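Novice: According to Swiss-Prot, the protein carries these features:
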| type | residues | note |
| --- | --- | --- |
| BINDING | Asp486, Asp492 | Mg(2+) binding site |
| DOMAIN | 553-612 | domain 'KH' |
| DOMAIN | 622-690 | domain 'S1 motif' |
Amino acid sequence: MLNPIVHRFQYGKHIVILETGIVARQATAAVMVNMADTIVLVTVVGVKQVKPGQKFFPLMVNYQERTYAAGRFPGGFFRREGRPSEGEILISRMIDRPLRPLFPDGFLNEVQVIATVVSINPQVSPDIVAMIGVSAALSISGIPFNCPFGAARVGYINNQYVLNPTIAELVDSSLDLVVASTANAVLMVESEAKQLSEEQMLSAIIFGHEQQQLVIQNINHMVTIVGKPKWSWQAQVIDTNLQLCVTELAESRLNEAFCISDKQERDVCIETIKSDVLSALQQKNETIEEETISNIFANLEKQIARNRILGGKLRIDGRNHKMIRSLDMRTSILPRTHGSALFVRGETQALVTVTLGTERNAQNIDELIGERTDRFLLHYNFPPYCVGEIGLVGSPKRREIGHGRLAKRGILAVMPTANEFPYTVRVVSEITESNGSSSMASVCGTSLALMDAGVPIKAAVAGVAMGLIKEDNNFVILSDILSNEDYIGDMDFKVAGSKNGITALQMDIKTKGITNNIIQLALNQAKDARMHILNMMEQVISMSRTDISPFAPRIHTIKIHPDKIKDVIGKCGSVIRALTEETKTIIDIEDDGTVTVAATDSIKAQQAICRIKDITAEIEVGSIYHGKVTRIVDFGAFIAISSNKEGLVHISQITNKRVEKVADYLSIDQIVLVKVLEVDRQGRIRLSMKDTNLTNK
């Protein structure tokens, strides 16, 4: 018999309903979360036995949307959901990021979290609902999980912070920020902003953290009612004697290796030290597993690097904690692209290209909350060669999709509107070399490439990745972190923005005790770094070029009466098809009569525009036109007075004399002058040559 446990609470303007005990009862835990009819089923399954040889935490997070949630059929031939969409992948990553720090160190059991959207209110985004459900399900599951976390979306409308704004409210918001946190600390931030200040962004994070305490309190209350006992588990025991041996053999040599600034040279040196340690220890005891030694060596490497920074020494590559790596920037490096730039920061470089297209190149996105068209595409590629590795090359991975979206968020606020720049814009960032902060290099490279392409962005944008090393009350904030510093650090904090303010912010925290003061210091230090990079970018290109590439399509816009659209299109598209083929142009017509003509050749575009004006021109009674004889019949002749307008000259209107045979006066393709006598209700045109006979002679 079903025995539901239901818990309700008010969260902002919405009531949240947490329900368990009815659906998915064979999962370790399952919670159905309802927020204003947006319902997400969250299931958690954990395995109590660790797989033999397991060396990492195998957490899987899958967020999936079902079209039945919106009362719709899936697209495609099979009418069934297929591979995850980009939106589903991004939300899966957003759920995953605050989860990982909350599992205890050394916990290696398999855990899978699946969040399925089963009902959707088009005004309530399911991502926050899913995150609340995941927190609740893990908290009651009995799986070792430190504490529940909350989630909130924060908007900024009319100088006021808004908790969980609706989709409609977000249109008017200058901020879209998602924050997840525990009762004591922020875990994750993902945001997009319209050039807000550091103070405004910090206040938004604090606001979201404070508001979601209600979620955490209610999940804790639910745990007291239905929570399962925590599993007993034991972390892998570290051999302290082996640890001492590794430290004795490697510590001094690693300290020397960390003085080598070149990444490849340093990596070779560290690999040599590791190989020597393995060889020495296995000669003493052949039963010691290589992987065990490697893990101890990696932990020692991490601790030495952290201690050096906390002790006030220079960083791995010889910089102090605020210094930015050397910068090199170039534009117009690929002659046939519509815009291009190479952005180099230390050993990280992004080759960025811009392609301009028409409205028909825009991406049509079908989401549960409705369809939309995206005119700005940004794709990020991270090939294996950029880190000196061999790997599979194919469709983008989750990481590439996530980094591309972050870079896009950083640029969106400065992109022109469709009225200001009627092009679809595609940016591709090829990471050709990587040693940290490649997503922020993509932001800088994109800004340069857009200006090179003549896209009138509102301001230049730069991005920088910040890091943190913290032990108790001692901490150091790092500007422009390397990949090693990302690995050893306690925070990954990416900030993009212009000189006017922040456009995107992403933060992931891996440790406890990150205070608001630390976040404020990191934001201020990131601003200094951003300003330095922007100043360097201005020396390369300070504003968008006044003209687009000669290889890009020129878009010309004219307005016609909506009633004339059918004339331009023609029967089954015959007129517009012939026109595009003849003039080698791309023609798009909107319902309001806006016509866009795109062509790389301006002369061809003008030819198409003249033809469209000719087709849509109003025929005025009493006006005289040049016309071509198209047909001769017994009772007169048909004269084409425009490309799609034809009128009849009756035999009695050819001349003032009596005409016995029309062919005696007119021939096919003859050019004559005609006067419009009448246009009837059906659009039929009656013409006369009488008043123009002198000219026709």
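Placement of Cβ uses the backbone N, Cα and C atoms for every residue, glycine included.
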Novice: Just name the winner among Asp486, Asp492 (the binding-site residues) by count of other CB atoms within 10 A of its CB.
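Specialist: That would be Asp492, with the most Cβ atoms nearby.
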Novice: Counting by DSSP secondary structure, give me helix, strand and coil numbers for the domain 'KH' (553-612).
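Specialist: Residue counts in helix, strand and coil order: 32 helix, 16 strand, 12 coil.
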Novice: Where does Asp486 (Mg(2+) binding site) sit in DSSP terms: helix, strand, or coil?
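Specialist: For Asp486 (Mg(2+) binding site) - judged by DSSP and reduced to three states - the answer is helix.
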Novice: Taking every residue in the domain 'S1 motif' (622-690), what is their average pLDDT?
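Specialist: Averaged over the domain 'S1 motif' (622-690), the predicted model reaches a pLDDT of 88.
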